[in-house]
């Protein structure tokens, strides 16, 4: 029963409207246009409300955050009392001086600093850098040369980064043996799995390093259960994302070596902006069509993924297609997250022996008709899965083919 689940995952993911960037909106490159709704115009000509848009130190062009007013000067000291008139001669005896007032109580202690954000030691204002004593950013985030913590290439890559950078993070993960994923799959195996990714349209956008760095944001991905379960989860994830990004070279003798060939698979000739949820208002000119390792689609998926990852993907959807780490993070997020209150792909896979009735999960998922009509795509997903299991040295699991044997005896036919 365990790996009937895997087939469901491939079908669910394929039928999910799985979840390409625009001209500047404001500022000097947009003819001096201002942002609507009092939003700030960033150095790069986009509208937003966070420090990267509004802080003049970050290059804000218009409608920026105002500098705080200087503190009010202290009130002037009271005027000294007028001098006492000279006493008559002979002066009367002076009265005894009044008792000195009691000492003022000490000032109250300053309040304690605000606690750091949940999950890490990062400052509440997300500032970092040498001028502040090199405070750490949260795990998976980097300190940029502009003294802000963040998780994109603008913060983490090369000369843009001060510390906790991608290169140093990757070296530490592998050399210290602290990352369970790198123990299961090496760079040489990954490159052999996706042997054509450098001569496909993606031109090497996807990489082992980007994948390993992305996994650090998901501590339960590929690390749950015994080694067999963990290898199968990686094989299933790679099969899912390979099917989404396949080069579709079905005239080839080897159909299953063409994963990670596309970044924006559905953008050519597609005018749909996929702004389908009013809960996530779409800025003018932004499109939410398929991007990245899981071909993320629809504004609500960009919104939810960005919320989970601490990124503004509604205003910057092209990060999924231009930053390989973010591309993999959105794919792993999609794998790990629940959708429509259904079990996540991760949960279904690791609980396949926990008594779940897989057929009921499929029937309740809302994708039954698509599942039946896309048997061929699911079979291709199985082909990818088998190849990756072989390369990771793990068995496929039981009952793998009984769901899609294309006969009236299959589980799908009985649904």
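Cβ atoms here come from the backbone N, Cα and C positions, even for glycine.
Listed in Swiss-Prot for this protein:
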- 1-21: signal peptide (SIGNAL)
- 26-41: disulfide bond (DISULFID)
- 35-47: disulfide bond (DISULFID)
- 40-54: disulfide bond (DISULFID)
- 60-64: disulfide bond (DISULFID)
- 65-127: region 'Disordered' (REGION)
- 67-121: compositional bias 'Pro residues' (COMPBIAS)
- 125-167: domain 'Chitin-binding type-1 2' (DOMAIN)
- 128-143: disulfide bond (DISULFID)
- 137-149: disulfide bond (DISULFID)
- 142-156: disulfide bond (DISULFID)
- 161-165: disulfide bond (DISULFID)
- 264: N-linked glycosylation site (CARBOHYD)
Which disulfide-bonded residues sit within 10 Å of residue 156 (disulfide bond) - Cα, from 41, 47, 60, 128, 137, 165:
165
Under 8 Å between C-beta atoms and at least six apart in sequence, can you list the same-chain neighbours of residue 149 (disulfide bond), or say none if there are none?
122, 123, 126, 127, 128, 137, 138, 141, 142, 143, 155
Looking only at C-alpha atoms, tell me how far residue 35 (disulfide bond) is from residue 60 (disulfide bond), rounded to the nearest Å.
12
Please determine which of the disulfide-bonded residues listed here (26, 60, 128, 137, 142) has the lowest count of neighbouring CB atoms within 10 Å.
60
Give the number of CB atoms, excluding that of residue 156 (disulfide bond) itself, located within 10 Å of its CB.
25
Rounded inter-Cα distance in Å - residue 54 (disulfide bond), residue 60 (disulfide bond):
5
If you count the other Cβ atoms within 10 Å of each Cβ, which of the disulfide-bonded residues 35, 41 comes out on top?
41
Is any of the recorded positions 161, 165, 264 within 10 Å of residue 41 (disulfide bond) (Cα-Cα), and if so, which, in sequence order?
none
